[in-house]
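According to TrEMBL, the features are:
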- A:30-103: domain 'Phosphoribosyl-AMP cyclohydrolase' (DOMAIN)
- A:Asp77, A:Asp79, A:Asp81: Mg(2+) binding site (BINDING)
- A:Cys78, A:Cys94, A:Cys101: Zn(2+) binding site (BINDING)
Number of protein chains: 2
Amino acid sequence: MSFDVSSLKYDQAGLIPAIVQDAASGVVLMMAYMNREAVAKTLATGETWFWSRSRQEFWHKGETSGNVQKVREILYDCDRDSLVVKVEQKGAACHEGYFTCFHYRVEQDGNVTVVGEKMFDPDQVYGRKQRG
Amino acid sequence: MSFDVSSLKYDQAGLIPAIVQDAASGVVLMMAYMNREAVAKTLATGETWFWSRSRQEFWHKGETSGNVQKVREILYDCDRDSLVVKVEQKGAACHEGYFTCFHYRVEQDGNVTVVGEKMFDPDQVYGRKQRG
C-alpha cells in the first residue's frame, strides 16, 4: 500500500502527535505536533518540521540552534493517530540544553531527579528565544 | 524536588500524552492519554492506567488481554506536558497482536510496510472487543 499524508488521523486542530526518537540509542527525544503540511515537509526534506501550537507557525527543528534532526524512519500506529519519527539528532534536542527533553525522572521515593548532562548553554544558543 | 501529579500540564480535557516504551529494547510501544488520576493509579499500582477518550473511562492496560505493562521508569519533559513510561511489556502491546502499535513503516519509495510479526490473534484474545 502507498502512503498518503491525508490518511493519517488528525485531531480537531488538524494535528497529530509525533514522538521523536534517536535512531541509534532509542532514546525518546521529544514529542511535538505536526499538521498535514508538516508531515509532508518532513517527508520531502528529510528533516523534522512541526506545527508550533503556541506560536501558530511551522517550526523547522534546529533552525535557530543548528540542532536539526535527520529523519531515518517514520512509523505510524494501528490507530493512524500518532507517529514515531526516528532521527539522527545533531547536538541536543532539548531547548534546555539536554540531549532529550525527557530528562526529569520520577523516582520510587517520590523525588524527581534530573538525568543526563547539559550539552549546551541555552542562553548562548538562543539568547532570549527558547525554541528551535 | 518531590513529584506532584498536579504539577504536570494537562490539556483542556485534563489529559497528558504518555509515550510507552519497552524498557529493555527501547521500542516505542504505544501512545495513550492519562488524566491526573490515571497518573496517580499508574504510580500507585506499578502498572499502566490510561484514560480512554473514546470510552470515557479508565483503562487498565492488559485487563482484557493479560498483556499488562509493569512500570520501570517514568520521565517527564521540559514542558511538563508529556510523559515517557518505560515498561516491561507482557506479550504484545498492540490490540492487533503486534508487539508495538507502531508497526506501519513509511518507506522511502512512498510505500507502507508492516514491520514485526503477529504475536497473537486479536479475535481469540478480545472476541469482538478491540482494546485492553
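Cβ atoms are placed via backbone N, Cα and C, with glycine included.
Because TrEMBL annotations are produced automatically, they should be read as predictions rather than curated entries.
Contacts of A:Asp77 (Mg(2+) binding site) defined by a Cβ separation under 8 A and a same-chain sequence distance of 6+ are given as A:Leu83, A:Val84, in order along the sequence. Other C-beta atoms found within 10 angstroms of the C-beta of A:Asp79 (Mg(2+) binding site) number 16, with every protein chain shown included.
If you take the Cα of A:Cys94 (Zn(2+) binding site) and the Cα of A:Asp79 (Mg(2+) binding site), they are about 28 angstrom apart, rounded to a whole number. Once Cβ contacts within 10 Å are tallied over all protein chains shown, the binding-site residues A:Cys78, A:Cys94, A:Cys101 are led by A:Cys101.
Contacts of A:Asp81 (Mg(2+) binding site) defined by a Cβ separation under 8 A and a same-chain sequence distance of 6+ are given as A:Leu8, A:Lys9, A:Tyr10, A:Asp11, A:Ile16, A:Pro17, in order along the sequence.
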